[in-house]
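Participant: My questions all concern the structure below.
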Amino acid sequence: MNTNQRIITIGTICLIVGIISLLLQIGNIILLWMSHSIQTGEKSHPKVCNQSVITYENNTWVNQTYVNISNTNIAAGQGVTPIILAGNSSLCPISGWAIYSKDNSIRIGSKGDIFVMREPFISCSHLECRTFFLTQGALLNDRHSNGTVKDRSPYRTLMSCPIGEAPSPYNSRFESVAWSASACHDGMGWLTIGISGPDNGAVAVLKYNGIITDTIKSWRNKILRTQESECVCINGSCFTIMTDGPSNGQASYKLFKMEKGKIIRSIELDAPNYHYEECSCYPDTGKVVCVCRDNWHASNRPWVSFDQNLDYQIGYICSGVFGDNPRSNDGKGNCGPVLSNGANGVKGFSFRYGNGVWIGRTKSISSRSGFEMIWDPNGWTETDSSFSMKQDIIALTDWSGYSGSFVQHPELTGMNCIRPCFWVELIRGQPKESTIWTSGSSISFCGVNSGTASWSWPDGADLPFTIDK
């Protein structure tokens, strides 16, 4: 084969290889186009998923503490339908209290990232119950926890997390800047009320579904404050009560009616010689009942009941089983203030059943320790100190603190009545213990008409922490 033939042969082979390569590239392009067309066609014509529920789980490890960020069930083909919580039912008949939640946040906080907080409370929508709490802008076992015994500071915020979970930066939702707060759900959205600012000019900021909708300026310029527990929603309207004025004398008290976070009406109570602070409120047959703290002069608790037009009645729980702390020993009650040993107080609650009343109170008459529930069948209207049932919640030797009411609506439970529930704050740290911080965990109970247990469910944290030594 001469030189020209070799050149022609090599050229032919190269040409054939090039043509084959070109054909392969064209084939790849055609296959890619066909694949894209098939995928696009499938997206345009989605198939119906045979499963009714799809579950997504996101899990994160933080400082060797396992935190389940979310566990959300999504019903295929279904959306969350807003409703209006009616609030027209009566309270469910109950014979005792079943434990509902315990977050153990102080115990967990010795190792994990847990908020320093106080004033926890619980509120439920028609879909879930959440724990709300006032943080100090600090974590347990950290240097910024120093001095958090202080009630009011610019670092305090209202946050919330799923009920029963220890409140951490990884499972909590910011709600408002606040050192006094309330929150509730009307079936369509969350209303939050956060009070912050100077003692002589604080402002309450109202948010509906996270958006600022209204404000309330302090009208007496003496520490505007609100419930530290849930507000009440009935038929699309929500209600709260606020205090402005002295903590040890006659103050001013206002009822507020709100719709979608906007104030539509307010009135000032005509309540001489009464003192209302930190009211625990609940709905009952279309009305609102609030049981409050008298920090001025009473061992028993004041109440205010009002309808949706804010027409109200006021009084004190008549029972000789006194509910405040500090308080006198049980004895002769009064339908007005029981003045013996009545100065100072603690947030608390009661549930009215006709002439009877469930009274929640500390076991100690002088310190915030222990907790018990007492059923006085005539205690709302009669002044004797007899009662028919007592259920132990926290032992006398263990710390308690604030307590308050919340309810579960029929739209959540499927029952035909409103279930009464309560929470108890378990305060740890200063001023009673040798720490640099003050914080708390919480437990909650709900009323049932079946078997219950008397026991003690204390905070249980072993103090002091490393930061305190």
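If you go along the chain as it appears here, the first residue is 1 and each next one adds 1.
Just so you know, glycine gets a Cβ as well, placed from its N, Cα and C.
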Participant: Would you mind checking which of CYS14, CYS49, CYS92 shares a disulfide with CYS417 in Swiss-Prot?
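Facilitator: Out of the candidates CYS14, CYS49, CYS92, the one Swiss-Prot links to CYS417 is CYS92.
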Participant: Select one of ASP270, ASP311, ASP324: the residue that Swiss-Prot places in the Ca(2+) site alongside ASP294, ASN344.
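Facilitator: Looking through ASP270, ASP311, ASP324, the residue Swiss-Prot assigns to the Ca(2+) site is ASP324.
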Participant: Going by Swiss-Prot, which one of CYS129, CYS161 is joined to CYS124 by a disulfide bond?
Facilitator: CYS129
Participant: Using C-alpha positions only, work out which of the recorded positions CYS231, CYS233, GLU277, CYS421 is nearest to ASN146 (N-linked glycosylation site).
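Facilitator: Of the recorded positions CYS231, CYS233, GLU277, CYS421, GLU277 has its Cα closest to that of ASN146 (N-linked glycosylation site).
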Participant: Taking Cα-Cα distance, which of the recorded positions ASP151, CYS231, CYS290, CYS335 are within 10 Å of ARG118 (substrate binding site)?
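Facilitator: Near ARG118 (substrate binding site) by Cα: ASP151.
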Participant: Please give the maximum pairwise Cα distance, in Å and rounded to a whole number, for the substrate-binding set ARG118, ARG152, GLU277, GLU278, ARG293, ARG368.
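Facilitator: Max span of the substrate binding residues, Cα based, is 20 Å.
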Participant: For ARG152 (substrate binding site), identify the closest of the recorded positions ASN88, CYS124, CYS279, CYS335, CYS446, judging by Cα separation.
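Facilitator: Comparing Cα positions, the candidate nearest ARG152 (substrate binding site) turns out to be CYS279.
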Participant: How many whole Å apart are the CA atoms of GLU277 (substrate binding site) and CYS124 (disulfide bond)?
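Facilitator: Roughly 22 Å, rounded to the nearest whole number.
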Participant: Rounded to the nearest Å, what's the C-alpha distance separating CYS231 (disulfide bond) and CYS281 (disulfide bond)? Just drop the number here, would you?
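Facilitator: Between the alpha carbons of CYS231 (disulfide bond) and CYS281 (disulfide bond) there are 7 Å.
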Participant: Can you name the disulfide-bonded residues among CYS92, CYS279, CYS417 whose CA is within 10 A of the CA of ARG293 (substrate binding site)?
Facilitator: CYS279
